[in-house]
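These notes concern the structure reproduced below.
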Amino acid sequence: SVVELGKMIIQETGKSPFPSYTSYGCFCGGGERGPPLDATDRCCLAHSCCYDTLPDCSPKTDRYKYKRENGEIICENSTSCKKRICECDKAVAVCLRKNLNTYNKKYTYYPNFWCKGDIEKC
């Protein structure tokens with residue numbers, strides 16, 4: 001769910017998801033128009049694509065359990081849906097951490113109508 005995703009983002013990046021990622025670029029926090037603006041925005045596109053592979057799941061509301069061992073996120077076995085949601089969320093949190101060096105504050109609260117052009121395919 002968004003609760004676990006938020007915790008993962010804080011743990012991986014040290015940034016609060018709101019406002020750092022909830023309206024960043026063209027893909028973080030929804031919107032999904034135009035090409036990604038940078039590597040951080042591309043992480044959010046990949047996360048959206050991952051969720052698209054889970055049509056029978058409810059990634060924003062299904063709660064799941066995970067733990068951290070030696071700094072790594074470990075998704076705990078529960079239902080197939082919850083495990084797959086957790087893996088999608090883990091991937092985006094790790095991606096955001098790996099791309100902290102290119103995080104650009106000017107893309108926070110980026111107006112969606114500026115996102116033009118073809119959407120990059122998954």
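From the backbone N, Cα and C atoms, a Cβ is placed for every residue, glycine too.
Here is what Swiss-Prot says about this protein:
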| type | residues | note |
| --- | --- | --- |
| DISULFID | C26-C115 | disulfide bond |
| DISULFID | C28-C44 | disulfide bond |
| DISULFID | C43-C95 | disulfide bond |
| DISULFID | C49-C122 | disulfide bond |
| DISULFID | C50-C88 | disulfide bond |
| DISULFID | C57-C81 | disulfide bond |
| DISULFID | C75-C86 | disulfide bond |
| REGION | 105-117 | region 'Important for membrane-damaging activities in eukaryotes and bacteria' |
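What Swiss-Prot annotates, mapped onto the structure for a quick look.
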residue : record         : Cβ contacts under 8 Å, 6 or more apart
C26     : disulfide bond : E32, R33, G34, P35, P36, L37, D41, Y110, N112, W114, C115
C28     : disulfide bond : Y21, T22, T40, D41, C43, C44
C57     : disulfide bond : C81, K82, R84, I85
C75     : disulfide bond : Y64, Y66, K83, C86, E87, K90
C88     : disulfide bond : H47, C50, Y51, L54, P59
C95     : disulfide bond : R42, C43, A46, H47
Surrounding residues of the region 'Important for membrane-damaging activities in eukaryotes and bacteria' (105-117) on its own chain - C-beta under 8 Å, 6+ positions past either end: 19-20, 23-26, 31, 33-35, 37-38, 40-41
Across all chains shown, how many C-beta atoms besides its own are within 10 angstroms of the C-beta of C86 (disulfide bond)? 25
Could you tally the C-beta atoms, other than its own, that fall within 10 angstroms of the C-beta of C49 (disulfide bond)? 15
Reduced to three states, what secondary structure does DSSP give C75 (disulfide bond)? strand
Using DSSP, what's the helix, strand and coil tally for the region 'Important for membrane-damaging activities in eukaryotes and bacteria' (105-117)? 6 helix, 0 strand, 7 coil
